[in-house]
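Novice: Summarising the annotation, TrEMBL assigns domain 'Transthyretin/hydroxyisourate hydrolase' to 15-129. TrEMBL lists H23, R63, Y127 with the feature substrate binding site.
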Amino acid sequence: MAELQAKHGITAMAGSASPLTTHVLNTATGVPGANMTLSLHRQDPLTSAWSLITTGITNADGRCPGLITTQMFTSGVYRLHFDTAQYWQSMEETCFYPYVEIVFTINDPGKKHHVPLLLSRFSYSTYRGS
C-alpha cells in the first residue's frame with residue numbers, strides 16, 4: 001500500500017487511531033474494496049468552500065486508517081470522496097457512478113464516527129456505523 005500511496009502522492013494522517021473511520025465493501029463479490037482512492041474534506045461554515053484534509057487508499061481490508069487526527073477533528077460538515085471509476089477500471093469493469101461523495105455532519109467530535117460505503121457497479125449505500 002505504501003508503494004501505491006507514494007506513486008499517487010497519497011498521504012495519510014500519522015499518529016493515533018483516527019476518530020473517523022471508513023470501510024468499503026464490494027457487495028457484488030462480498031469482498032473488501034481494496035486499493036480505492038479517497039479523500040476527506042471539511043466545509044468552511046462561512047463560505048461553504050471545501051478544504052482538503054487528506055487523501056488515502058483503502059488497504060486489503062477496504063479500510064483507510066489515519067484519516068484525521070483527534071486534534072483536527074472538529075464539529076462541522078465533512079465529505080468523503082471515493083474514486084469508484086478507478087476502482088472498477090482496475091478490475092476491468094465499468095460502473096454507473098464514477099465517484100461517490102458522502103457528506104455528513106459531525107456534532108460531537110469526541111465520539112468515534114464510522115462511515116462505511118457498500119458498493120456495487122450500479123449502486124451504493126452508506127450509514128453511520130460505530
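Any Cβ shown, glycine's included, is placed from N, Cα and C.
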Novice: Could you tell me the mean pLDDT the prediction assigns to the domain 'Transthyretin/hydroxyisourate hydrolase' (15-129)?
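Specialist: Summarising the domain 'Transthyretin/hydroxyisourate hydrolase' (15-129) by its mean pLDDT gives 96.
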Novice: Compare all C-alpha positions of H23, R63, Y127, the record's substrate binders, and send over the largest distance in angstrom.
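Specialist: Answer in Å: the longest Cα-Cα distance is 15.
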Novice: Could you name the residues, excluding H23, R63, Y127, of the same chain that surround the substrate site, i.e. Cβ within 8 Å of the Cβ centre of those residues, in sequence order?
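Specialist: Surrounding the site, in chain order, are T21, T22, V24, L25, G62, H114, V115, P116, L117, G129.
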Novice: Tell me, how many other CB atoms lie within 10 A of the CB of Y127 (substrate binding site), whichever protein chain they belong to?
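Specialist: Result for Y127 (substrate binding site): 10 other Cβ atoms within 10 Å.
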Novice: Helix, strand, coil: count each for the residues of the domain 'Transthyretin/hydroxyisourate hydrolase' (15-129), based on DSSP.
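Specialist: Tallied per class, the domain 'Transthyretin/hydroxyisourate hydrolase' (15-129) gives 7 helix, 47 strand, 61 coil.
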